[in-house]
Amino acid sequence: MAIANKNIIFVAGLGGIGLDTSKGIVKAGPKNLVILDRIENPAAIAELKAINPKVTVTFYPYDVTVPLAETKKLLTTIFAKLKTVDLLINGAGILNDHQIELTIAINFTGLVNTTTAIMDFWDKRKGGPGGAIANICSVTGFNAIYQVPVYSASKAAVVSFTSSLAKLAPITGVIAYSINPGITKTTLVHKFNSWLDVEPRVAELLDEHPTQTTTQCSQNFVKAIEANQNGAIWKLDLGRLDAVNWTKHWDSGI
């Protein structure tokens with residue numbers, strides 16, 4: 001997908017990887033970048049607008065844990081203004097295994113609800129034009145960081161959900177792919193806790209692991225968007241962008 005002249009919604013587009021990716025998107029010249037985030041960051045919004053004044057950057061407050069009806073109401077407002085939306089990026093996430101229910105609510109349920117809501121506008125069975133979804137998951141969705149099993153499981157759930165969305169594309173007209181960053185230098189990694197405090201030094205230990213910068217990760221994120229490959233499972237690790245070949249161990253046969 002050429003980003004130029006497209007309308008893009010980015011959920012949590014002001015965080016570490018999210019903000020740098022938003023910068024990369026704006027440089028590529030979309031028509032509109034709509035950022036939905038829990039906390040407004042006027043300085044970041046101003047920076048995005050300054051990068052490319054031709055791009056309309058808009059912010060709406062959004063908490064992914066709100067009821068589905070509220071998400072649909074917000075999207076109704078956005079679609080009424082833009083008429084069409086080409087890409088939804090689901091990027092909300094927390095890493096806090098002390099907060100089990102909140103982790104699942106933000107990392108998985110909120111993403112599913114946002115996706116479900118936009119289907120009202122995109123699903124070709126309802127006369128919609130289709131669209132594309134990029135879900136930010138994690139390499140922990142492939143192989144868990146076992147000291148943070150709740151976070152890892154929530155990301156594995158999103159990888160699975162996204163793969164199902166991709167297979168449903170012939171029915172819905174909506175393609176999907178997953179973005180799976182490796183360990184990246186963000187506040188998410190530098191300060192968090194393990195489940196039941198099984199490893200108090202987990203953040204410190206991960207900090208010793210080979211990492212990448214948010215700039216490296218975001219550059220590859222933009223490349224994945226431009227590739228627009230339905231069903232792709234992208235690994236963004238150590239400054240590289242690689243497609244993961246998923247091993248099938250079972251098939252429902254339907």
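Here the Cβ of each residue, glycine as well, is placed from N, Cα and C on the backbone.
The following features are taken from Swiss-Prot:
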type	residues	note
BINDING	10-33	NAD(+) binding site
BINDING	Ser138	substrate binding site
ACT_SITE	Tyr151	active site, proton acceptor
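Fewest Cβ neighbours within 10 Å among the binding-site residues Gly13, Gly16: that distinction goes to Gly16. Burial estimate for the binding-site residues (Ile25, Ala28): highest at Ile25, by number of other CB atoms within 10 Å.
Same-chain residues at least 6 positions away in sequence with a Cβ under 8 Å from that of Tyr151 (active site, proton acceptor) are, in sequence order, Ile94, Leu95, Asn96, Asp97, Thr103, Asn107, Ser138, Thr140, Ile145. Sequence-distant contacts (6 or more apart, same chain, Cβ under 8 Å) of Lys31 (NAD(+) binding site) comprise Asn5, Lys6, Asn7, Val55, Thr56.
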